[in-house]
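As recorded in TrEMBL, the features of this protein are as follows:
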type	residues	note
DOMAIN	45-295	domain 'G-protein coupled receptors family 1 profile'
TRANSMEM	31-53	transmembrane segment
TRANSMEM	65-86	transmembrane segment
TRANSMEM	106-125	transmembrane segment
TRANSMEM	145-163	transmembrane segment
TRANSMEM	205-226	transmembrane segment
TRANSMEM	247-266	transmembrane segment
């Protein structure tokens with residue numbers, strides 16, 4: 001607390017001070033190297049996925065790969081929003097950030113997270129159509145529908161971000177403007193405000209219902225319907241094959257939503273900022289790192305395309 005007050009006295013009213021991932025100087029250099037390497041690996045993995053999908057459309061032409069390409073692009077975007085401030089904080093803690101930069105980072109982060117939620121729901125719907133209505137799959141998941149679902153995901157995330165960021169930017173911050181976090185996130189910013197926030201919290205709640213809970217309900221409904229069809233399949237082999245196409249998406253979705261819901265559904269007064277930082281690392285670093293591996297590890301078509309690419313090299 002004393003350190004936070006000292007830092008606050010050094011800041012202007014329009015600045016925020018981010019304490020960063022860790023205040024321990026003896027481990028910051030090591031963490032910097034680790035997270036820089038992870039950042040490079042995340043970009044490399046997701047760029048490889050996008051390259052494989054775009055360069056082998058004749059083999060990876062299914063809607064599943066169309067959505068996976070957009071998801072990889074999205075992963076690179078939102079990890080690039082949070083990772084630079086994390087790395088700067090590890091090299092020169094604390095990290096000073098202007099009010100404009102903080103709001104810009106918040107806007108991009110909320111936009112990308114909201115887009116990812118709706119995109120994961122679209123991918124669950126794609127699996128539902130593929131397994132429950134295979135004969136109508138080419139019609140129901142034609143390119144126009146895939147583009148419509150994807151654009152709706154991006155626009156939905158953008159609209160929610162505009163509303164939430166505008167509300168948070170209109171608040172008064174009386175100081176100390178010290179965030180015990182490594183990027184500008186909504187919960188720590190709301191905790192710093194001295195404004196009357198009934199309306200803001202209502203907007204925050206409604207947007208969470210629409211984006212997080214709405215997309216989660218769509219995904220859960222899709223997998224409930226899928227599970228019913230799998231139970232009724234007469235062949236165990238066919239059931240196992242169908243389930244294997246959903247397993248990777250279920251794993252990624254489970255990790256992402258469990259962390260998101262735990263972080264943003266708790267009352268503000270019991271939130272632990274140190275715990276928030278650990279959880280934020282999971283869904284801002286771990287999931288973009290693991291998603292390409294999880295989706296491609298057991299995928300024979302991606303393996304074949306990757307081997308073909310390596311032979312050409």
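Easy rule for this one: first residue shown is 1, then count along the chain.
Backbone N, Cα and C atoms are what each Cβ position is placed from, and that goes for glycine too.
Sequence-remote contacts of a segment are chain residues at least 6 beyond its ends whose Cβ falls under 8 Å from one of its Cβ atoms, and for the transmembrane segment (106-125) they are 64, 67-68, 70-71, 74-75, 77-78, 81-82, 149-150, 152-154, 156-158, 160-162, 164-165, 168, 183-186, 189, 207, 211-212, 214-216, 218-219, 222-223, 249, 252-253, 256-257, 260. A contact between the transmembrane segment (145-163) and the transmembrane segment (205-226) is present, since 3 or more of their C-beta pairs, 6 or more residues apart, lie under 8 Å. Same-chain residues lying 6 or more positions outside the transmembrane segment (247-266) and placing a CB less than 8 Å from one of its CB atoms are 113, 116-117, 120, 123-124, 127, 186-187, 208, 212, 216, 219, 223, 276, 279-280, 282-283, 286-287, 290-291, 294-295, 297-299.
Taken together, the residues of the domain 'G-protein coupled receptors family 1 profile' (45-295) have an average pLDDT of 84.
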